[in-house]
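Shown next, in structure tokens, is the structure this report addresses.
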Amino acid sequence: MNASTAPDAAQPEQAPLLNIANALTVLRLLLVPVFIWLSLLPGDRAGLAAVVVFVVAAFTDRLDGQLARSRGLVTSFGKIADPIADKALTLSAFALLSINGRLWWWVTILIVVRELGITVMRFFMLRRAVMAASRGGKIKTTLQMVGLVGLLTPWSALFLSAGAADFLLRAAYVVVAAALIVTVVTGLDYVRQAVQLSQRGGHAGR
């Protein structure tokens, strides 16, 4: 064996920065201002268009992570940009709902503080150990997305009866309430994990 080539052989192959997973992340970032602009326009057509953009952006959030893991396309850029794009989309939707009077501000503020606080904490904890997303965190994300779509959608514009539109809107509020509970609980759990990792010197155990 050639000793000069041994170190190179031991180094893992780095994923290219320009890949499909990162492209989807950038696309999601670009869709956020489009979603905000459409949401601020008057009329149900603009509202429906905003929901379509939101759903497409939310789908890229799930797809880019799956592609990055399955195809070995995980990059430092993706690790930073993906959660930023995720939070930009979700938190802008909550803020828009509060601005439009469809969601209490205290709910939005609580979720914003939790999401930004935990994201910053996880970045800080990268020096010690990786805090992987929990099942509760994935449930939280799903509930948030479903609830947001339910509240953002102008159901009356979809030729539904008044009763059906009212039922779907009430159901969306129930989902958002569940999302709020899971958001707070998982946030407290992440804080507990961070404290334990700090006390153990950052060595994660199973």
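Heads up, the Cβ atoms here are built off N, Cα and C, so glycines get one too.
Caution: TrEMBL annotation is automatic and unverified by curators.
What TrEMBL records for 20-39 (among others) is transmembrane segment. For the transmembrane segment (20-39), the list of distant contacts is 46-47, 49-50, 53-54, 56-57, 60-61, 63-65, 67-68, 71, 73-75, 77-78, 81-82, 84-86, 88-89, 92-93, 96, 100, 152: same-chain residues at least six beyond its ends, Cβ to Cβ under 8 Å.
Marked as transmembrane segment by TrEMBL: 46-63 (among others).
Using a Cβ-Cβ cut-off under 8 Å and counting only residues 6 or more beyond its ends in the same chain, the transmembrane segment (103-124) has close neighbours at 80, 83, 87, 90-91, 94-95, 97, 131, 144, 151, 176, 180, 183-184, 187, 190-191, 194. Feature annotation from TrEMBL assigns transmembrane segment to 103-124 (among others).
Listed by sequence, the residues of this chain that lie at least six past the ends of the transmembrane segment (145-165) yet keep a Cβ under 8 A from its Cβ atoms are 39, 44-45, 47-48, 50-51, 54-55, 58, 90, 93-94, 96-97, 102-103, 171-173, 175-176, 178-179. What TrEMBL records for 145-165 (among others) is transmembrane segment.
Feature annotation from TrEMBL assigns transmembrane segment to 171-191 (among others). For the transmembrane segment (171-191), the list of distant contacts is 103, 107, 110-111, 114-115, 117-118, 121-122, 131, 134, 136-137, 139-140, 143-144, 146-151, 153: same-chain residues at least six beyond its ends, Cβ to Cβ under 8 Å.
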